[in-house]
Every structure is written in C-alpha cells, then in structure tokens.
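Following: one structure in structure tokens, then a few remarks.
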C-alpha cells in the first residue's frame, strides 16, 4: 500500500488525499526490505504529514492573499479634484446669472421703456412664473436626461438671451416691452431647468457640492450687482454694451469649463451613481420617496422664497425717496443690498451651522416679521422710517436670513443620513423645485401689493 501526493483546493480549503490503486502499486519500484525505498517512503510520509500539519497556515495565507487581491482589484473612489469647489460655485453662479442679471437691469429696462412702472414687478414675475412652469414640466423627467446636458443647453440659451439684450436694447428705438418680456420668458424657462439641474448635479459630484453651488447662486447676484454699479456711470450709450457683454462672457466661460470637466475620470466615476432611463412611474416613486426623507427641508425652502418675493423687488423698490438720490440709483442700491445680503447669508452657513436640522423652521417662521417692517415704511405708517435708507437695511437682512436658512436646508439635505449616494441628486433637485414653488407663490401674492407710479422713475 502506498500514499500518493496530497492536493489542496484553495477555493474551499478542503484536503483531498488520494490512495493509489492496486494497479499503481504493481508498477511501483517499491520493494519490502529495500532500505533506500523505505527511506524514501518514510521521507514521503513525513513530508505529507508536515504538509497536512501546515495546511491550516497555508490555507489562511491563501485567504489573506485572496482578500488582498480583491482589495487591489476593487476600484477605489477617486479623490475630488482641488478645483471642484470652484467649479461647483461657478456653475451655481452661471445658473443664476440668467435671473440676477435681469433683476439688476430693472432700472436699465425702466430707462429704455419709460411709462411702464409695472415693469419693476413684471420682470421678476415673468422669470419666476416661466421658471416654475419649466420645473413642473421636467419634474418627473429629471432622471431621463443627464444633468450635464441640461446645464450645457441652458447655459447656451442664456448666452443667446444676453446677446439679444446686448444688441437689441442698444440699437432699437423705442425698445418694445413685449420683446423684452418674450426673451425674459424664454430666459426664465431655462433658468428653471438650470436652477434645478445645477444644485443636484453638484450634489452628485460631492457631498459638499450643492452648498457650494448655492453660494455660487448668491455670487451671481454679486457679479451682476457689481457690473451694474460699474456700468451705470458709463452712461446710456455704453452701459448696456458693457453690462450684458460681461454677463455673456461669464456664461460662455462656464460652458467651456463644464464641457472640459465632462472628460475627466472623476466625472465619469461620479456619474455611475446617477439614475437615468428609469420608467416614468419609477421616477415619480423615487422622487416621492426622497421627499418623505427630506420633507422638512423642502417645506422650509418653499417658505423662505415665498416670503422674499412677496415684497421684492417690485414693492421694495417703490419706496419713498427723501435723500435726493435718483430713482434709478435707489433701485440699483436696494437690489445691490439684497444681492449682498443673500451672498453673506449663504456664505455664513458654510462656517456656522446653527440651529440644528430640526430647528431651522423656527428661523424660517420668524422671517414673516419682515412684512410689517416693510409696510410701515412704504405705506408711511411710521413717518421717520418712510425713506429709502430703512428699505435698504431691510433689503439686506431679508435675503441674509433667507440665504442663511436656505443654505442650511440644502446642506442638511445633502448630508441626510437617510439618503443613499444615488439619491443625492434627486434630493437636491426636489429642494430646488420647492424653492421654485415658493417663488411662484410669492410672485402670485405680490399682485396684492400696490404698484406705485413713482416706482419706475
């Protein structure tokens, strides 16, 4: 009787010892009494015994090797590039340029279209109504088209709208209010698409992407405000060329940056988490499920923008003027205060997160106090406060509180432990959609606010 070579299976760690058959024994050179053969047999048996004794160690080592190999083969999540924060902020800025550029140009449009005091309120209404309409239409289809495509196309439309304002308002005499409204409506439609797409897209790129995009939203107000204040001294012959020309350049740069970014490995890796091409019913269920997880942030976002757009910009800019400033300059300064306050508030939320997730709603409710504060000034209830200075102060703190609590809500949405990676984009989209709904409601309520004849002069 002889023992053949022992074999070990690495996959299941089993030991199989094969016994040779009688036929194999007959062909062997093993002879009883042969010392050399006995020695070989002894050595063979000894080596087999050692092999069996050490098999557990070898088996453990093989398992460790397998685990190391799997770890090496499994793709590691790429580290976010250093420029990604800048890119998210810049994309957020371009997303809002189509809106803030038109709001900051209200006094410019008033100069080009005299005799239309309602224009101050209609600019925001047209942009917001069209934006919300676009959001409602594309709401259930957010997963169908890639966010990068939505952003690139919308930025291209913004560029064409700015090109129209750049050329038409400086050449046509007189400027048609209807033509301005038509282009603003077109601009508003893609503003709605871009606003909801950008924050969700940036939220998918990184957990801090959406908050940086929201800071970029506020930066758009700073850019357009600074441009408007710089362009005003140029005069009627050059201010439009400079203002809308630079806005056009900012959008084109954003288009180029995003286009180049789509070819990076990091972008391709993160897009694996995006959910696309799902059936209509599945998309609706996904959005509904995510709304349940972040319903508090969604409601807060809607209320924040609703309270802002009831009084701004139309009602706020109809303030009485007592300090000798031109109505156009007062309008520009009030809008500038709003944009700066919005930016400071959103930025503050990046460094100081208070209150906690469950108590942000208290600050949101307290913002309703701004209604009587605006009314006692503009309606001359308190004569000492009935001037443009008081309105400028209010127009800083109204957006400051709104921007702060809005960014908190967005940040808490992105870091919501209930959300999975693939749900972050849809969650940011849902919050952005609620922002649009709040804006829509605020603009509707603004029709109840009086339109003053002096507001456009």
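Using N, Cα and C of the backbone, Cβ positions are placed for all residues, glycine too.
Since we're looking at a predicted model, the values are computed, not measured.
If you look up TrEMBL, you'll see 1-10 marked as compositional bias 'Polar residues'. Residues or ranges marked as compositional bias 'Basic and acidic residues' in TrEMBL: 13-25. The annotation compositional bias 'Acidic residues' is assigned in TrEMBL to 53-67. The feature region 'Disordered' is assigned by TrEMBL to 1-74. According to TrEMBL, the transmembrane segment annotation covers 86-106, 126-142, 149-169, 175-194, 201-230, 242-266, 328-346, 358-377, 389-406, 426-449.
The transmembrane segment (149-169) makes no contact with the transmembrane segment (426-449), as judged by fewer than three Cβ pairs under 8 Å among residues 6 or more apart in sequence.
When each of 242-266, 358-377, 389-406 is checked for Cβ pairs under 8 Å to the transmembrane segment (86-106), 242-266 comes out on top.
With a cut-off of 8 Å between Cβ atoms, the residues of this chain six or more beyond the transmembrane segment (328-346) that come close are 100, 103-104, 106-107, 110-111, 120, 214-215, 217-219, 221-222, 224-225, 228-229, 232, 312-313, 316-317, 319, 321, 388, 391-393, 395-407. Among residues of the same chain six or more beyond the transmembrane segment (201-230), those with a C-beta under 8 A of the stretch's C-beta atoms are 80, 84-85, 88-97, 99-101, 103-105, 107-108, 147-148, 151, 195, 242-243, 246-247, 250, 266-267, 270-271, 273-274, 332, 335-336, 338-340, 342-343, 345-347, 349-350, 403, 406-407, 410-411, 413-415, 424-425, 427-428.
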